[in-house]
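So TrEMBL lists the following for this protein:
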| type | residues | note |
| --- | --- | --- |
| DOMAIN | 1-58 | domain 'L,D-TPase catalytic' |
| ACT_SITE | His18 | active site, proton donor/acceptor |
| ACT_SITE | Cys34 | active site, nucleophile |
| REGION | 80-103 | region 'Disordered' |
| COMPBIAS | 84-93 | compositional bias 'Basic and acidic residues' |
Amino acid sequence: MGLFAMRLSMGHGEYLIHGTNANFGIGMRVSSGCIRLRPNDIEALFNMVPKGTRVQIINEPVKVSVEPDGKRYVEVHQPLSKVESGRSADHADSPVQRPAEVR
């Protein structure tokens, strides 16, 4: 977990933003809810954010970006909730097949 961690008050305070030496897990759902950062990133964030700062976790399974040079990027993850996927949390990691929409 490293030298720096920020405890979130959601739930019973069991969720943390913390460092990791396992870079493969950064940005992926490989823990029980914690948000993992590189050691230098959590240190910088820890020193920038005052205690008591409101944190908003945004669940966006599909992210789309159009860069200034016109490049387009799409990032897709499994939804965190069954409301979005229509499936129970037990099946959150199993693949979902949806037809592609061609425009």
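Backbone N, Cα and C atoms are what each Cβ position is placed from, and that goes for glycine too.
Help me see these features in their spatial surroundings.
For the recorded site, His18 (active site, proton donor/acceptor), the DSSP three-state label reads strand.
Counting every protein chain shown, 17 other Cβ atoms lie within 10 Å of the Cβ of Cys34 (active site, nucleophile).
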